[in-house]
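Data first, discussion second: the structure below is written as structure tokens.
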Amino acid sequence: MANITKRVSWSSLCEDRAPGEGTALLDDTPGARRCRRQEFSGGSLFRIGRLSTIDLDEEVTSKEETLKQPNEIPHNEKLLSLKYESLDYDNIENQLFLEEEGQMSPMGFKCVEISRWVICGLIGFLTGLIACFIDIVVEIVAAYKYKIVKRYIDQFVVEGGLCASVILWAILNSAFVMAGSLVVAIFEPIAAGSGIPQIKCYLNGVKIPRVVRLKTLVVKVFGVICSVVGGLAVGKEGPMIHSGAVVAAGVSQGRSTSLKKDLKIFEYFRRDTEKRDFVSAGAAAGVSAAFGAPVGGVLFSLEEGASFWNQMLTWRIFFASMISTFTLNFFRSIYNGNPGELANPGLINFGQTETLYIHRSYLQVIEAILAAAATATVSYILMYCSDDCQTPGEHQAVEYPLQLFCPDGQHNSIATVFFNTPERSVRNLFHNFPGSYNSLTLFLFTFTYFFLACWTYGLTVSAGVFIPSLLLGAAWGRLIGNLLTNSGIFADPGKYALMGAAAQLGGIVRMTLSLTVIMVEATGNVTYGLPIMLVLMTSKIVGDYFAEGLYDIHIKLQSVPFLGWEAPATSHSFTAREVMSSPVMCFNRTEKVGTIVDVLSNTSAKHNGFPIVSDFTTNEVYLFYSTQVIKFFLHVFVERAQLKQRKLLLKDFRDAYPRFPPIQSIHVSQDERECTMDLTEFMNPTPYTVPQETSLPRVFKLFRALGLRHLVVVDNENRVVGLVTRKDLARYHLGKHGLEELQLAQT
């Protein structure tokens, strides 16, 4: 309700309003019936697990709350953070929803469906443009950097004093990385890494603050360009997936809350359910733009990201992926001056994350600078000490050949992988003719690049680990091919490099079907499908024996209440009564404003959901209400000048979505506290409920499959006895010693 500017005293409206005038939202009838509930009393009001809940919503504005919030998250897989809330993927079928749907004609529903396809097309087009922009800028800037460094190296090989060239290389790398790390650390820390774990959590139903903001996208694009050009052991394809998700979240809403611009289009899709589906399409479009694999993008979104799926969503996501791939290849072909390249496939990448143990911004930036300088120094030392000199093949193109101490007409072999962008290094390992690298060169590269990639993974930079994983796997795969060839067994090292790359990447992210299709689409040869699948299945089985996938480990370290596909196998003995949050704060259908304000203002009561009890004499009839909607009601209650002559509509809620006003911004007078609010028209009249004896796996399946935010638990007399939230389910997992319960942390 940003367009409401005049603050109106509710006491005057209570006196002046004629009977039947205005909205059913407000009811100043004295003696409103109160529900039976627990007395409002501080921290004992509502309990989850072993600690009281708090609300760290992304719209928190109170200075006092900001000062109280800890600066660090305890990175411990035995903890579960209470700062994350669930997204509401269940449609609320209240009176307003039913009235709006009843007024829509069949043509109106067709227009909504057409709009979905239009949005998916826009998502694919814009994601392809962003991917193309990143590709071209990285190529141009990296080419300038490598040409400058190459000129100095060639000059000082003859004149002596090679230290100057390595210092120049380290300074250039450090400058780019410092710029990218500063932007991430200062302006938007959520933009660090690839963003894939955060998008995976978002699609699972977890509200990750600021993950799909426009500011995050800008920082992400700038940061990944600086990271790749800075020579770190990173790639740019993982962040493209996050970028596609941000584009989808913005385009589907028809406005930008960051820029405060509303195009007044696509208003129907301003709710969590619709936004989730478009973010799935955006993630798939990012995969497609990064890898040139539209089918692989759809399967990636299905296998690795989306928690909810349907047939029509599959086709819309495929449409977005196709548009993204076509847009990328079209503009790349124009840039390269060769329109015939439209059919060429792309390359592949992986993801990275935020720093896990260094929390001060300036230390994070310093660490990134040290990593950039160390990468350049180690690369230079290996090239300097290497005597692996090769003559370029007939069809082999070396982008930045370094002769160093090799004879004329030859180049330093290890420089083709170190002195290059990661994508081109992978291409060289795949396609260079047999004998292009000796075994010692490949071993030294694999050994050093492994430690550089591990160090780089935790830096506060925007970058991915798809390409580092592929590059590392391609190196040791080609090494095995060399050893087989030297043993008298015919082997094409390039094919072994492809299998090694697939095995390395699959072992890290545990992808199977989607990665197989991505690799097949990227290579353009379907005959590699079966061996790639066998390699990926093997790497997944072996990897799962030792640890979880990289994204799952990252999610656990961030203490996110992520829900898997199934409940723990040994949890059938647990019932809803044992895992639910209780006691529960209930509201009446007509409730005093002062009571509502007090409940929402108390941090221990912020469980973000309240059953509405209408009959407490016999069996209670309950409805359901979320905190964000109640906060919006209070905001309208205080600022209701424009609503005096009309009812509230769903459009009013969509205009406020997703940043509903915080309770700290709502101020009511003493007279206003005594007024009552009628909540009947806006409640969910049919919330999902379970008996208190329901088993944990059954509760888990219902909660997970329907995308719920709260599940009401009732006793034998149909009375509300508790609520099941995401944290109640996520805190149980199968550990080494059987079923374990995670500790809940207020951070």
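FYI, residue positions are counted from 1 along the chain as it appears here.
Cβ atoms here come from the backbone N, Cα and C positions, even for glycine.
Unlike curated records, TrEMBL annotations are generated automatically.
The transmembrane segment annotation in TrEMBL covers 114-144, 156-172, 217-234, 278-301, 313-331, 437-459, 465-484, 496-520. Residues or ranges marked as domain 'CBS' in TrEMBL: 683-741.
For the transmembrane segment (465-484), the most Cβ-contacting stretch among 114-144, 313-331, 437-459 is 437-459 (pairs under 8 Å). Of the two recorded stretches, the transmembrane segment (313-331) lies close to the transmembrane segment (114-144), with three or more CB pairs under 8 Å once pairs fewer than 6 apart in sequence are set aside. Residues 181, 192, 232-234, 352-357, 364, 367-368, 371, 374-375, 378, 382, 386, 388, 390, 413-414, 417-418, 429, 465, 468-469, 471-472, 475-476, 478-479, 482-483, 486, 493 of the same chain lie 6+ residues outside the transmembrane segment (437-459) yet bring a C-beta within less than 8 angstroms of a C-beta in it.
Using a Cβ-Cβ cut-off under 8 Å and counting only residues 6 or more beyond its ends in the same chain, the transmembrane segment (278-301) has close neighbours at 119-120, 123-124, 127-128, 130-132, 199, 202-203, 212, 236-238, 240-249, 251-252, 269, 313-314, 316-318, 320-325, 327-329, 344-349, 466, 511, 513-515, 517-518, 521-522. Across the domain 'CBS' (683-741), mean pLDDT in this model comes to 86.
For the domain 'CBS' (683-741), residue counts in helix, strand and coil come to 16 helix, 22 strand, 21 coil, using DSSP.
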